[in-house]
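Written below as structure tokens is the structure these notes are about.
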Amino acid sequence: MRGQTYILVSVLFAVIIAIFAVINVEAVEVNYLFGTGEAPLILVILFSVLMGAFVTAAVGLVRLIRLQKEIKALQQENEKLKASHSQETSHKNHSAENSNLEAKEEGHTEDLERETK
């Protein structure tokens, strides 16, 4: 549904820009950094809209790439933490098993029963 809304708004925006550009077909003077020139207002409007879209897309792409790198780094850190946690857990379990075996060998089953309760 969200994708359909995005497409609908984009088409509506394009139609509004096209109508506005067709209404304004007279020639206008455009001041560049290196001089001036004359161009139809429709071309100035369309060029401005396209340049705005290009700049917006470029900024969005840079942000997307930065976020993807951050996600990758966080996933790697998460995997390292999972591995570390797994090793700690298995070490604790192994230590607890050894303690239980030593206690059984020494006849301290009553102590074990109290600890488990």
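Placed from the backbone N, Cα and C atoms, the Cβ positions cover glycine too.
TrEMBL labels come from automatic prediction, so no person has curated them.
Per TrEMBL, the feature compositional bias 'Basic and acidic residues' maps to 102-117.
Residues annotated as domain 'Lipopolysaccharide assembly protein A' in TrEMBL: 24-83.
Sequence annotations record features per position, and here TrEMBL assigns region 'Disordered' to 78-117.
Tertiary proximity for the transmembrane segment (7-27) is limited to same-chain residues at least six positions away from its ends with a CB under 8 Å from its CB atoms, namely 38-42, 45-46, 49. Per TrEMBL, the feature transmembrane segment maps to 7-27 (among others).
Long-range neighbours of the transmembrane segment (39-62) within the same chain, counting only residues 6 or more positions beyond its ends whose Cβ lies under 8 Å from a Cβ of the stretch, are 17, 20-22, 24-28, 30. The annotation transmembrane segment is assigned in TrEMBL to 39-62 (among others).
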